[in-house]
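These notes concern the structure reproduced below.
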Amino acid sequence: MIKTNSIKAWFLAARPVTLSAAAVPVMLGVALAYKDSNAHCQWVPALLCLLFAWIMQIDSNLVNDFFDFKHGNDDETRLGPKRACAEGWITMKAMKWGIIFTTLLGCAIGLPLAFYGGKEMIIVGICCVLFCFLYTTKLSYLGLGDLLVLLFFGIVPVCCTYYLVMPEGMQTVSTEAILTSIACGLVVDTLLILNNYRDYDNDIKAGKKTLIVHIGKKNGERLYCALGNIGILIMIGINIYGALAYDADTKFLPFAATYLVVHNRTFAKMRKIGEGRMLNKVLGYTALNIFTFGMISTFIILGMMW
């Protein structure tokens, strides 16, 4: 029994398992900056980027919990994990205040980044906050979720972290950073693809036009498989190019095979299960795969300078 508005209730509402997806882009941005600055990167903005990413992820989770319940999406037909408002763990009034608190906390953590990257970082921060609210309330119903994941879990966090962490006078965005950000966004999107794959029938009934609803479940399976494989192949390509262009080390490149194995094994489980709540297990595996991708890619990047 979970007491209403208790610490445990808020912990579950924050969905800590999702924080790895927010940490991976920052981790990759820092690794690239560390390599390109010859270990002279700035650590304060690196920490601020990580904290901002985590708080924004929690904020997004709370907003999702609140509005899905308000719109009647979290009823008895829901296939996903239990949600705080729907289960009565957190009252709607308390959730509103929780959203306000995490939004303000995120802004307070993100604001100092303007001192490192200029006023443009304020605009980026505002876009991140808007993403938290608009994704659940509007954009996810229009089939734009996957594009937003590519942007806000790939391109924006990797490239901005890289830019902010580079030493003053060296702040730019490299081609490697852009390619890595795309790879990261593709891999993180496998989580959304699988989530929408599981909710395919319910989303059709609710009028939620996700990408999976548009292309069908079979194509959704193929897309899940392709995104993960393309993501790690981009990282392999970066390492091979580095070896040919400036004699970068490839000692960690074989570890990329580990991600290929676990991703495709998870894909096989996804196809075998096909539908229902059992796909929640595959969601857990996918989240772990994303973290595995992040760790392997970080080692590949850092290994290029050792």
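Yeah, the Cβs are placed from backbone N, Cα and C, and that goes for glycine too.
Automated prediction, rather than curation, is the source of TrEMBL annotations.
According to TrEMBL, the protein carries these features:
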- 43-63: transmembrane segment (TRANSMEM)
- 97-115: transmembrane segment (TRANSMEM)
- 121-137: transmembrane segment (TRANSMEM)
- 144-165: transmembrane segment (TRANSMEM)
- 177-195: transmembrane segment (TRANSMEM)
- 223-246: transmembrane segment (TRANSMEM)
- 282-305: transmembrane segment (TRANSMEM)
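Taking residue pairs at least 6 apart in sequence, the transmembrane segment (282-305) and the transmembrane segment (144-165) share fewer than three C-beta contacts under 8 angstroms. Contact between the transmembrane segment (177-195) and the transmembrane segment (223-246) is supported by 3 or more Cβ pairs under 8 Å, counting only residues 6 or more apart in sequence. Under 8 Å from some Cβ of the transmembrane segment (121-137) lie the Cβ atoms of residues 52, 56, 59-60, 63-64, 67-68, 103, 106-107, 110-111, 113-114, 145, 148, 152, 156, 160, 164, all in the same chain and six or more residues away from its ends. Taking pairs at least six residues apart, the transmembrane segment (223-246) and the transmembrane segment (282-305) share three or more Cβ pairs below 8 Å and count as touching.
Away from its own ends, the transmembrane segment (43-63) comes close to residues 13-15, 18-19, 21-23, 25-27, 29-30, 33, 95, 98-99, 102-103, 105-106, 109-110, 112-113, 116-117, 125, 128-129, 131-133, 135-137, 157, 160-161, 164-165 of its chain (Cβ-Cβ under 8 Å, at least six residues beyond either end). Long-range contacts of the transmembrane segment (97-115) within the same chain, counting only residues at least 6 positions beyond its ends with a Cβ under 8 Å from a Cβ of the stretch, are 10, 13, 45, 48-49, 51-52, 55-56, 58-59, 62-63, 66, 90, 121-122, 125, 128-129, 132, 164.
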